[in-house]
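As given in TrEMBL:
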{"type": "REGION", "residues": "1-313", "note": "region 'Ribokinase'"}
{"type": "DOMAIN", "residues": "3-297", "note": "domain 'Carbohydrate kinase PfkB'"}
{"type": "BINDING", "residues": "N189, K190, K191, E192", "note": "ATP binding site"}
{"type": "ACT_SITE", "residues": "D258", "note": "active site"}
{"type": "DOMAIN", "residues": "337-430", "note": "domain 'Cytidyltransferase-like'"}
{"type": "REGION", "residues": "337-462", "note": "region 'Cytidylyltransferase'"}
Amino acid sequence: MVNVLIIGDLMLDRYIWGSANKLSPEAPVPVVLINEESFSLGGACNVASNLVALGASVSIYGVIGNDTEGALLQDFLNNKGVKSHCYKSNRPTTTKTRIMAAKHQMLRIDKESSDSLESSIYEYMFDSIQGKISEFNCVILSDYLKGVLSYAFCQKLIKLANSFNIPILCDPKGNDYSKYKGATLLTPNKKEAIQATGINIYNDRTLLESLHKLREICDVKYPLITLSEEGIGYLDNDTLHKKPTKAKEVYDVSGAGDTVIAALAFKLSMGENLESATTFANAAAAVVIGKLGSATASLDEINDVLAQKRILRSIESKIIKNYDSIKDSMKNKKIVFTNGCFDILHYGHVNYLQKARKLGDVLIVGLNSDSSVKMLKGDSRPINNEQDRAYILASLACVSYVIIFNDETPENLIKQIRPDILVKGADYANKEIAGSAYAKEIKLIDYIESKSTTNIINKIKG
């Protein structure tokens, strides 16, 4: 079982939910009528929540106050099955209170202290960690600049983990990243990376510069920058790797960094490489940014995202620029070719394409480009652009490949492919068919009566 150690700033997130329908007579501020109150784990505790959601065993070290919030936070950790080592200090438990109305955050109130800890707490924590370090597959330092992860403490923890060859991942904060020197992986977000390096990140070139700078500052093996809804960028052997995130809806990016470092730790603990770990972490981020607050992603949710990405890649791989890219793989296969505008795909089209596919091993569809459609149908067409039409066609199981062509007819494309069977609609009987000289056989397929794009457009127009 994956066993992860987290050291960092423990936080409690408090949400006050209500409605705001009027302004206060005392000041120009809204009045929130409270409906309910809820709590969740934040900061390093949210990293722990994400790891538990993935099925990991988690131990966490940090400080809390001798207060109600501290007791509540520790109860939440224990109820999740996290092995908590919460040392009490002479300061309040870090608590973020968010006032919510109509699912929007109206105000946040922070109760916290960033004062340095008593030296005895550092000694107690390190002695305990030192005695247990060999049990863990991975270590995470979750820094929110609340005083737990001082320079000296970070360096002691990093050297300890390195002495046992245990990966140590740091989610950093502040301007001085030298305290993370020697870590395995660094995961600042875009804003944090800009602050630490002084490099404004606005394209791949500046992203690469920032990653190099982070590695220079920290002597870290793998610098990585989380880009919220834009995904992840990381450096491996001086090469920039980017993984865009595709969430169904970007609802809230708070806590996404916690999810990313948790997912990375989970996969690296299993011995997987960074490429695999970042793919997994990126999918996890896609899940949580579609949720409100510091959310978690389950294995099922992450696997759903990864499955969707595989389907997307499969569809996109069927849209090719030219026949040469697949020519070698077409040997000894019976190639069927047809073409059309397929402007508004309907049942008649699908039925026609399914019948065409049954005639051979591979069905290649030549798709008229937007300019080609205009030549044939007039300036009001196409309704859907060529990229959308190609994607919809490629998503059909019966279609093997889609090639967009710009000419008025597909003759040049057919000449290049030289298909075994050229398929056209039955209305081409006794008509000249462009490219027929380059096909071994012509097959005509009946259209379904009354099913046409023109009829659909006319129906919409009324």
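A Cβ is built for glycine as well, from the same backbone N, Cα and C atoms used for every other residue.
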By Cβ count within 10 Å, point out the most packed of the recorded positions listed: E192, D258.
-> D258
What other residues of this chain sit with their CB within 8 A of the center of the CB atoms of N189, K190, K191, E192, the recorded ATP site?
-> P188, A193, I194, Q195, I225, T226
Helix, strand or coil: which one is N189 (ATP binding site) in, per DSSP?
-> strand
K190 (ATP binding site) and the residue listed as 'active site', compared by Cα position, are separated in whole Å by 14
Sort out the sequence-distant neighbours of K191 (ATP binding site) for me: same chain, 6+ apart, CB within less than 8 Å of its CB, listed by position.
-> none
DSSP puts the residues of the region 'Cytidylyltransferase' (337-462) at 50 helix, 26 strand, 50 coil
Can you see whether DSSP assigns D258 (active site) to helix, strand or coil?
-> helix
Using Cα coordinates, what distance in whole Å links E192 (ATP binding site) and the residue listed as 'active site'?
-> 14
Over the domain 'Carbohydrate kinase PfkB' (3-297), work out the mean pLDDT and round it to an integer.
-> 92
Sequence gap of 6 or more, C-beta under 8 Å: which same-chain residues meet both conditions with respect to N189 (ATP binding site)?
-> I225, T226, L227, S228, G257
Cβ neighbour count (within 10 Å, all chains shown) around K190 (ATP binding site) = 18
